[in-house]
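TrEMBL has this to say about the protein:
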DOMAIN    28-97  domain 'Release factor glutamine methyltransferase N-terminal'
DOMAIN    122-210  domain 'Methyltransferase small'
BINDING   Glu163, Asn207  S-adenosyl-L-methionine binding site
BINDING   Asn207, Pro208, Pro209, Tyr210  substrate binding site
Amino acid sequence: MTGDPARWSSSGEALAEPRIETPRSTIRAVAGRLRAAGVASPESDAALLLTHAWGRAAADVRRADLLGETPPEPVVERLEGLVAARVQRIPLQHLTGRAPFRDLELQVGPGVFVPRPETEMLVDLAAAGLPQGGRVVDLCTGSGAIALALAAERPDAVVAAVELDPLARAWADRNRATLGLDLDLRSGAAQDAFPELEGEVDVVVSNPPYIPVGMEPVDPEVRDHDPAVALYGGSDDGLRIPLEVAARARALLRPGGLLVMEHADVQGATLPAQLVRQGWVEVHDHDDLTGRPRAVTARAPQA
């Protein structure tokens with residue numbers, strides 16, 4: 001690649017004229033800029049931005065580095081635009097248009113909550129409680145992440161999902177079509193969804209809005225770009241909407257059916273206690289891989 005070698009400094013600052021020598025030095029320089037901007041995972045973000053700008057798989061980029069190949073000028077120009085946006089804390093997934101979830105690659109962008117790695121445990125908990133050929137409902141599906149993962153991993157199951165926000169529903173529709181998975185996807189409020197299934201569902205899973213009102217997320221990617229309707233739980237403790245969703249789950253579940261619900265780490269004691277007050281049994285809270293309280297499971301009482 002030609003040009004002045006001082007386009008990026010070793011600290012990652014953008015300089016006057018272009019040149020990035022190798023994929024490895026590209027990633028190192030980009031990571032420096034992202035780190036200075038407060039991005040939590042600068043190295044991995046830098047690598048993903050380069051692979052996206054180049055249109056090549058990560059393994060191909062590593063091979064290019066070993067062979068001494070340099071990113072072409074159009075790739076560098078695309079990368080500059082992506083890095084400038086990421087420095088402004090535009091979510092990485094909005095820039096690439098993709099979010100990994102379990103074994104799926106979901107399409108995401110403005111208007112939908114970006115699925116998080118910590119939410120993947122809900123799929124395990126739901127699948128473990130789902131009988132062969134059972135029925136599972138995902139309330140507040142967003143991008144469709146949980147429901148589509150269950151449809152992919154449990155093709156024997158009958159999977160349905162609902163989403164209130166039309167923008168998020170459009171992303172879920174797109175993911176269902178792209179992945180070609182069997183999912184009964186509907187629009188509407190979780191609180192009165194699927195009236196025809198009352199008493200017939202084996203598992204209800206939900207990642208509802210649960211952030212306490214007044215507790216503003218620290219990360220700009222969440223605060224400024226995830227839709228507020230997917231974040232805030234509607235009360236000072238953040239539990240109004242989760243408890244409404246739980247009440248709907250109770251109506252949908254057969255006796256002994258399983259509820260799986262994500263919550264904030266500060267709700268690891270309060271949400272299970274509220275579910276016990278609602279009459280749920282076998283209520284257990286579960287930590288995520290970082291050791292933080294993340295999800296609750298509970299069963300509808302036997303008739």
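Any Cβ shown, glycine's included, is placed from N, Cα and C.
Here the features listed in TrEMBL are painted onto the structure.
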residue: Glu163; record: S-adenosyl-L-methionine binding site; contacts (Cβ under 8 Å, 6+ apart): Cys140, Thr141, Gly142, Gly144, Arg169, Ala172, Leu185, Arg186, Ser187, Gly188
residue: Asn207; record: S-adenosyl-L-methionine binding site; contacts (Cβ under 8 Å, 6+ apart): Thr119, Leu122, Cys140, Gly142, Ile146, Met261, Glu262
residue: Pro208; record: substrate binding site; contacts (Cβ under 8 Å, 6+ apart): Leu139, Cys140, Ala190, Gly233, Ile241, Pro242, Val245, Met261, Glu262
residue: Pro209; record: substrate binding site; contacts (Cβ under 8 Å, 6+ apart): Cys140, Val229, Ala230, Leu231, Tyr232, Gly233, Gly234, Gly238, Ile241, Pro242
residue: Tyr210; record: substrate binding site; contacts (Cβ under 8 Å, 6+ apart): Gly233, Gly238, Leu239, Ile241, Pro242, Glu262, His263, Ala264, Gln267
Across the domain 'Release factor glutamine methyltransferase N-terminal' (28-97), what does the mean pLDDT come to, as a whole number?
95
Secondary structure composition of the domain 'Release factor glutamine methyltransferase N-terminal' (28-97) [DSSP: H/G/I, E/B, coil]:
51 helix, 0 strand, 19 coil
Quick check: in three-state DSSP terms, what is Pro208 (substrate binding site)?
coil
